[in-house]
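Everything on this sheet refers to the single structure shown next.
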Amino acid sequence: MINVTLPDGSKREYAEGASPLDVAESISKSLAKKALAAKVDGQMWDLVRPLEGDASVAIITDRDPEGLELIRHDAAHVLAQAVQELYPDTQVTIGPVIDDGFYYDFARKEPFSTDDFDKIEARMREIVDADYPIVREVLGKDEAIATFKSLGEEYKAQIIDDIIPPGEQITVYRQGKWFDLCRGPHLPSTGKLPKAFKLMKLAGAYWRGDHRNEMLQRMYGTAWANEKDLKDHLTRLEEAEKRDHRKLGAQLDLFHFQPEAQGSVFWHPKGFMIWRELEAYIRRQQDADGYVEVKTPQLLNSVFWEKSGHWSKFRENMFVVPDEIPSTESDAPILSGEGELMALKPMNCPAHVQIFKNAQRSYRDLPIRMAEFGCCHRNEAHGALHGLMRVRQMTQDDAHIFCREDQIADETLRFLKLFETVYGDFGLSEISYKLATRPEMRAGTDETWDRAEKALADALTAAGMTFSIAEGEGAFYGPKLEFHLTDAIGRTWQCGTFQLDYVLPERLDAEYTGSDGAKHRPVMLHRAVFGTFERFMGILIENYAGSFPLWMSPVQVVVAAITDAAGDYAEEAAAALRKAGLRVEVDKRNETINYKVREHSVQKVPVIAVVGAREAEDRKLALRRLGSNGQQIISLDEALVALADEARAPDLKRARS
């Protein structure tokens, strides 16, 4: 007999050879009907695969995250089968699950087109209707290679040959006559796959991500547990398209990119005005929280990066400045004569350690909270660049806290409060937290890791925050906290960082004198609230759909004159508003007021102050708010007080209350 422990702690006995499906059927027929797979001793398991001994078993349905991942995994297989049935000259390569969907890379001489999608989706539905049993088969490495080669599947054979150790068995999954290399698990049959799937787009992808290899065709799709979830997802995508920060950046004249500076942003006056507001805001928070601000070099010698460990672990992501500029047809090589190899900094932390080391430090000096709006460069692959979200030149609201080990919990709690305050001020109050724990490859002792993980967990608990554990996902030098934010249309973004580091102070020989008179290593806490200004601005643009709160808006008020006669009063009102601290433009063009209002609304100006002859005579303003059809007529003096107060940043409003 096999003893099975269920999630509620209860135990049941089953005959040898029982499967998770037998377990589900013994609980209820409805659960068996909903069952897609199982977790056996924490590992995903095919629903009909026999259990191999006593085990804990949890049934997976489409209500579980693992169930949705399984649906998407099977959708990728059904896609590959449909493509090969329709286009037999196609080779399959890889087809993983990704956020909200899946993709499959195909090798085919003729290019696919999005016009092919309807035909492919129709065949996918036919495969679902056929309800082919999905059968797990085990093959030896040599047999598997021979099998795939006999089918002309050179890519699959190469994967097996390169990745699978000699003598190790592999699994394939068969559905009808079609099969694929896969570790599984899968649904019991293709009929279990909901038809709530849709092909989305095509892209090119190099085999194994190497530009020296052949270009494949990547077909993206999305799959959900039911039609409603699919429809909701497609609606979110439509809304996200409207909010795309790259489109809004051009529409609102905030920034642009160009080929001569890939991954680096050209900030326009309006975009940089928002940047300045963000920088001033976060600087005030850090000043109030006891941070000191520093500025460190961008270009440092390779010897420096060798000491920090970045030269060996991060060099491929660094921009290296050679000592020699190669010759051209008309010029000889240019030599600096210094014989140095330099690199632009990819991060600020090693430079901050140098400032810490530049003075004798005592335990009484700690903690030292050192902040920098540091410009960093990372040599991201061209294909990975994505607007403001993924750039090569970035500015971080970076800070490092040098503290004693007994101060870790307090400093963590202090940062969590700062983080929640800041994100609440931007309307991003739905935050989930993860504690990423020790990875297999790590520095430090288990005792040190125990203390560090406990300190972070205790701080989260003390702050009243619910958190999940991301086992093994910490950095090699220490555990970290991950912050996941939900925006206005339900998308999740990972922002900000908080990482505990025992390694860098050791590598760079940072020390302080303890209360015992001996030298000790400080603990280094890496933290950022925004992360990078570029990415945070991209998130804000999309979260607000370009309609920024008044305090952030690059143009806060437009005074629009109805007639030429009101032009002088429009200028007078604008001057008074500017004196009150507002960013104001005047529109006296010979256009209708409706045209002006419409144009400034497209530019997302939050307040349009309309003035005509009557307003000029009465010294009033007719205020129209973005998104509202009505207007509020108030005196200029009242408008000055009300708008100046409304335009204050949230922290400045709190300071006045």
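Placed from the backbone N, Cα and C atoms, the Cβ positions cover glycine too.
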Requested in this report: For the Zn(2+) site, Swiss-Prot lists Cys349, His526; sort out which one of His268, His400, His484, His600 goes with them.
Outcome: His400
**Report entry** Intrachain C-beta neighbours of His526 (Zn(2+) binding site), sequence separation six or more, cut-off 8 angstroms
**Finding:** Cys349, Asp398, His400, Thr497, Phe498, Gln499, Leu500, Asp501
Report summary line: What DSSP reports for the domain 'TGS' (1-61) is 14 helix, 22 strand, 25 coil
Query raised in the report: Over the domain 'TGS' (1-61), what is the model's average pLDDT?
Result: 94
